[in-house]
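Pasting the feature list from Swiss-Prot:
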DOMAIN    142-161  domain 'UIM'
MOD_RES   1  N-acetylmethionine
MOD_RES   51  phosphothreonine
MOD_RES   279  phosphoserine
ZN_FING   6-50  zinc finger
């Protein structure tokens, strides 16, 4: 595997571990120093392909292959236009065709295949579906807001749980110190034997530990269905697909041999007399004597009637 490096100044990460590689829309890599040198005015051409680039569009290379970074950025731009969802299509087949079209566009733009026709196709689609694109953008914005709100609620719950646990630990320490101090005071002032005082102290410590270990009731945050309290759910009807139902057809296998008895008949016909009975451990793993015997008979009978042609 070739060591990563800048193709212009030939600096590699082996010689400079702090080397920061940058990539732009064309997918060619430059180090941060070369970017600052070549794009002093804020814009310039790629030294490899000559594509006009802006300095502000350079970003840190995340993947070893810069083509992957290029594809990620192209996919983001394409999905901003082709943002339809499954519920926008009357059938699953049309939705799958739409996804295949998106993948074809991303592939063409990433690998510089038929760029003019691909870009023209995107412009036509954007003009014809302007309203749908805007509606899905607003829908996506609402979903992002709901997601951020849910994350914020979860963060607050985690913070409250952390503070509650911290408070409980502090309370436990205080109670233990009080119990210890009470025991020392009794040793100083009481006339009872030390063994009796020690036994009483152990009893109180045990009761205190049991009280502290008793689980506190947790306030429910979700319903029994798994839906979080306060969460708004969509009640829109689900699109029904009018398709033919699946019909099971038994598997027909030509074994060129005698007919093998059914599983239920093996015991009556005496096939299981000399087969090891299944133990409880075998049954737990899915093994049954009749199934093993049935498989063995299939192997034994297979090909007995076969004749070379």
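Positions of Cβ are set from backbone N, Cα and C atoms, glycine also.
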The residue listed as 'phosphoserine' to residue 51 (phosphothreonine): how many Å between their Cα atoms?
73
With a Cβ cut-off under 8 Å, give me the same-chain residues at least six positions beyond the ends of the zinc finger (6-50) that come close to it.
56-61, 66-67, 69-70, 73-74, 110
Near residue 51 (phosphothreonine), which residues of its chain come within a Cβ-Cβ distance under 8 Å, counting only those 6 or more away in sequence?
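Long-range Cβ contacts: 24, 25, 26, 45.
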Can you break down the zinc finger (6-50) into helix, strand and coil residue counts using DSSP?
7 helix, 10 strand, 28 coil
Could you give me three numbers for the domain 'UIM' (142-161), the DSSP helix, strand and coil residue counts?
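Across the domain 'UIM' (142-161), DSSP assigns the residues as follows: 20 helix, 0 strand, 0 coil.
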Going by DSSP, give the three-state secondary structure for residue 279 (phosphoserine).
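In three-state terms, residue 279 (phosphoserine) counts as coil.
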If you count Cβ atoms within 10 Å of the Cβ of the residue listed as 'phosphoserine', leaving out that atom itself, what do you get?
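Total other Cβ atoms inside 10 Å, all chains included: 10.
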